[in-house]
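Listed in TrEMBL:
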| type | residues | note |
| --- | --- | --- |
| DOMAIN | A:38-107 | domain 'BTB' |
| TRANSMEM | A:180-201 | transmembrane segment |
| TRANSMEM | A:221-241 | transmembrane segment |
| TRANSMEM | A:253-275 | transmembrane segment |
| TRANSMEM | A:320-341 | transmembrane segment |
| TRANSMEM | A:353-369 | transmembrane segment |
| TRANSMEM | A:381-402 | transmembrane segment |
| COMPBIAS | A:538-556 | compositional bias 'Low complexity' |
| COMPBIAS | A:621-631 | compositional bias 'Pro residues' |
Amino acid sequence: MAAGVAAWLPFARAAAIGWMPVANCPMPIAPRDHRKRHDELIILNVSGRRFQTWRTTLDRYPDTLLGSSEKQFFYDEETKEYFFDRDPDSFRSILNFYRTGKLHYPRYECISAYDEELTFFGIIPEIIGDCCYEEYKDRKRENAERLQDDQDDNKDCKLPNMTYRETMWRAFENPHTSTMALVFYYVTGFFIAISVLTNVIETVPCGATPSQKDMPCGERYTIAFFCMDTACVLIFTVEYLMRLFAAPSRYQFMRSVMSIIDVVAIFPYYIGLVMTDNEDVSGAFVTLRVFRVFRIFKFSRHSQGLRILGYTLKSCASELGFLLFSLTMAIIIFATVMFYAEKGSSSTKFTSIPASFWYTIVTMTTLGYGDMVPKTIAGKIFGSICSLSGVLVIALPVPVIVSNFSRIYHQNQRADKRRAQKVQKARLARIRIAQTGSSCTGFLQSKRNDLLNELLELTGSEEEEQQLNKGMSLLESQHHHLLHCLEKTTAHEFVDEQLYEQNCLETTIQSYTSRSPSFSSQDGPIGTCCTRRGKMNSPLPNSSLPLQPSHQQGSLQELSALHIQCGDKLPHTTSRSSLNMKTDDVGLINCKGSQITTAIISIPTAPSDTTDGGALHGPPQRRPPPPPTGPQAPSINTTASSNVIKVSAL
Amino acid sequence: ISFLYTCTAVLIFPNIDSVEDELELSAVRHRPEGLEQLEALTRFNRKELQILYRGFKNECPSGVVNEDTFKDIYSQFFPQGDASTYAHFLFNAFDTDKDGSVSFEDFVMGLSILLRGSVQEKLNWAFNLYDINKDGYITKEEMLDIMKAIYDMMGKCTYPLLKDDTPRQHVEIFFQKMDKNKDGVVTIDEFIDCCQNDENIMRSMQLFDNVI
């Protein structure tokens, strides 16, 4: 519950009077306000600057320094004020948090100083409001990265006990770490360049000798080029194997783009070695040599700009797709039009629509080779329209790609920002859920505590009772009282998600196995009301009549049952089965003459519960079909939440 | 030429990102009547009015609550369920002059009845709340709407499980109790009569007397 609406709690409670005539049961007693009625001003002296606020404003958040009794440590008796030797500028935001319920992060503030102040005053930074949260997170991440870089630098200076493999991997990834890595980096770069050059020069026609006609150098100096190629491939293979060996996660490394490029670059050579004898496949072998050009992509390890370009293209996939799609549409349209326009003229190059594609593409991209030109007037008109529209169609998506590139370039290695933002959104969602859920779990927890208090009061064990009396602020207790009134009005109780789901499951099972159809109809209005202890469910028709007289009997039995159960087992028990045993025992033992024919109810064992964290685990209530000759035992229907045993007699 | 095109386009492009600033309409402001007048109108003393106003103005700096803010505030007290329908009925009950917003006067007068009024006045107020169309009769449909709104506030995670006809059954019980002449509607006299004879209701009416 936000602090701002704390002021409206009296209103909400007053409005609860609207439920009273509708309720069928008496309402719980309101918590009493023990504290002084009138509000007083508190003076907070932060390094000389005085802030004043109402005491109730600070009391809204009892688990922070200012809201709890911790501030008494800072109370100065002589000046009757609370003195804090902290930064007054940051204190502004902190005090505003109490006033408005929203924590803001001022932009001019240094992130670590702000964090310190928050920690000092006991406020968790996660509750920073939406308006400032992104900024806060960005700054925090930058700070963390800076610290990380510092750490890395320090790490580089000393030689930690890393395995040889880890050193190698680090050398591969960051060439600046050691001279060996740098050398390796440059050597591989050099060989990539050599390899690409040889591929290129292979095809250049060398000088014509008198004996032979012009032929490419590759065929003239076959052996030399073959040796070059072999050397390069050897080096690349060794490099790849070393990287594979050093990679911390080999599977992931093999899937990465760079490794695929490496493989594609060196494979054709080996395939070529294997297949030189087979004449038929030599055609394919030649094609494979094309793949050698992929070696140039290996440069992307060396050049960041190339990586960014590739990343841009990847991230602009949708724009590129759109560009392609719109171009295709336009090409088809214009090609069709040109074909039909030029159909009439003789000796036209526009022999078919696919043939016109070439003209359309050349015109739309404003290349204009001139190998195909329209001759008819209509053709020229449409040709000009085509060229004008080409400019538009291409010019539209291109700036998007360009701006993308520039954006990514400026962000540089902030690809993890995307990841961080996703985590952030998930975290925000989590926090919001926690905040909305917390007030309710708080209510459920306090309910359990109260119940247990009552039970323990019965048995007179006071030690546990004191243990459970957790201090709850008046505001919270009033809020819980309000929720309790609502429960009483509607004769239903708030439960935890898990219990609800369990109940859902159980009722669907029940609906198949239950014998008496009047179960559900009797449930709501008649019985499920009133005191927690005396909860009467009357599943069988003939039991509805003697409702009143059996109530007292039932409650007596319950009290004794409770006594037996709680006296023995403290709430932190995990073995549910023993409780069940007790239940059945008690049920059978206290088999005094009951006027009601009842059904025996057994509780299935629930998995061991966790007592911390407020999670409710409870065995749901299940009604197996009562045995045909039901023994006349008032069975005790026990639903146990983790600490509390609610007992109702039938 | 396409190169020039792209260059100019790139230059223009960053400006497209800027969002047009919209003129914000200034919020409706309202200042309440003086403390003395309010003291005369309600049964709160000065101090209580001061505390109430501070809380009111804190949450609604403009001085009036419109229905959405009202629903927001009220929903924060009932996180598990949906309190908006009931908040709507409450809003109508508080907005006595039907101008679509609850000013501080409306607020404090309503609270004065609820917290400092006689039992008769409180019952009157409750009747007014249930009587959605303010015609002096509570019909079953009106009651059903109210009941559904109340049950909505519980949410779905309840024990025992909420069934679809639980509100209807509750309404039936209510009418059985209240509708003495069985004519299908509950008038204000039947309502007050019946409530005064029910000691549970009488006792719970006094429950919040010391809230402020």
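Using N, Cα and C of the backbone, Cβ positions are placed for all residues, glycine too.
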Give the nonlocal contacts of the transmembrane segment (A:320-341) in its own chain as ranges (CB under 8 Å, at least six residues past its ends).
313, 350, 352-357, 359-361, 363-364, 374, 376, 378-379, 382-383, 385-386, 389-390, 393-394, 396-398, 401
State the non-local partners of the transmembrane segment (A:381-402) in its own chain: residues 6+ outside its ends, Cβ under 8 Å from one of its Cβ atoms.
312-313, 316, 319-320, 322-323, 326-327, 330, 334, 337-338, 341, 359-360, 363-366, 368, 373-374
Can you tell me the mean pLDDT for the domain 'BTB' (A:38-107)?
88
What is the number of residues in the domain 'BTB' (A:38-107) that are helix, strand and coil, as DSSP sees it?
23 helix, 19 strand, 28 coil
